[in-house]
């Protein structure tokens, strides 16, 4: 009996003889009779295990979708594709048996018929016992019930069925048995028996898994019990007939055991010898010694095995893919094909083994769980660092951040090894020869004008590699800044920029050149908002305006705003004790109605786009006068009037201009040249005047 562990391991292939024929309807004679001519070989005994394969309706229905991925839609194309897949599976099964060299005979596995159930009525073995479990899971069938129905079918029709040694049913339903999932089920030591007991059923869960399950169940029919069951072998050694289940995430120390999955233990080989003796004693030796000639057998398709992404899709569904990881090597895929499992939560990747023949490195493919040299051109000229290409689905990082598909993401992600593993081809396209800048700019929207900043130049390494920049420093003296209301501010760069509202001066290229070092300290990696708000007096209430949000980038970054647009239907406005209805541009065509835009609800929910067009950067007077009746004002306004009639009051503002004093040439008195200077002359004159006044007072 197969173990559910088989849903997480396997793979192997090649060197086989395959034979097959086709039935139009189940249970009908194919014209060859029950005992067609068989080919006999002499020399070293070779035993041929002729397997007739039934594909149930669930398999066929699923394969229609599988074939569609390759553009195959015609019924004949779907059928040929399905049979080619089965030929590929049994090519690997044959390789497992033909690799055994320690037996006194050789073993070969031959597919002699592939019969497809194209309707539910053609598949009574599973359709009559299936049960639905819901939750998006596959329907289930009880493996024992299916096996019993196959037994009855073969025993009642043996003489009418094409010659075969074993009949194997392959289903896409979930097999269950003894209250748990199972990968397959078979009767033990029944090969060649004509009572219908030489039958088995396996669940198709992908090439590598199905190959191992088929080999395992066929081993039961050849007499092998599970390792560790009434024999001296240990199931934990993970040979082909292990029955205890195995953890696919075995330690590296025990990794060699996983390669035992392609090998039969000594206990299994002993069982095979005993079964051959039993077949002889039953008088059925011709059953294994003769081989049914190949009939209408498709060759193994050249496109098999599929790419690991497609293998995962076959195992689950179209949303699955190969989980690329930074901590695994390409050659690890032979034993660890990690597939995204849409049905799981948390860590959604489940470990399988790659199909036999899967490319695992340049010029190498998977054989018996090993990445080994390949004679196939299919694996030639591959990049050792990007064997499997980019992950096809959205890239999700372990920290829970979802970024996008590989082709949409910028070069900066390639410095993350996890991303590089998922999007290796994308990162190869960004590759440069610049040390420390191997994948180009590390951030978006790099601009050459900031390349004098050391950290910026490091983040924008590719952009800045094209620019010659000098060391970033402040001018040693003082700098004058015209700020806000045009009052000049003079001081050193740190003094000027000590207030956050002055940081926007660094947006000015000329000022930034003067105060490069100080501006670098204030710089942030917020593209388009490196120094905060670009204008003064920003208010969150206008952040829905696109131009305003751009100028007030820091303030508006804290606000969740929707796109600014007008309500598409008529809106309502109360104006001068009457109600106006219409589209926003109609309502706001008169300047006296613009004040409606001061109303937050009207501006945000009704006429955002129209109000944005009327908005001015005149703080507290963005939409003109706030009330009607302002036309009555005829002179300078007080504070209360200015608050309501800001636009009108501007007409009466008195502006004064202070002119610098004009300096005229000073005319010096004659004594300037004879008394040693103007100051001395002035003092002598004052002294003379004082003496004259004293004389007058005395005389008076």
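Just so you know, glycine gets a Cβ as well, placed from its N, Cα and C.
No curator has checked TrEMBL annotations; they are predicted automatically.
Here is what TrEMBL records for this protein:
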- 1-21: signal peptide (SIGNAL)
- 47-272: domain 'Peptidase M12B' (DOMAIN)
- 216, 220, 226: Zn(2+) binding site (BINDING)
- 217: active site (ACT_SITE)
| query | Hey, of the binding-site residues listed (216, 220, 226), which one tops the CB count within 10 A? | reply | 216
| field | Between the residue listed as 'active site' and residue 226 (Zn(2+) binding site): CA-CA distance (Å) | value | 10
| field | Segment-level pLDDT (mean, integer) for the domain 'Peptidase M12B' (47-272) | value | 92
| field | Collapsed DSSP category at residue 220 (Zn(2+) binding site) | value | helix
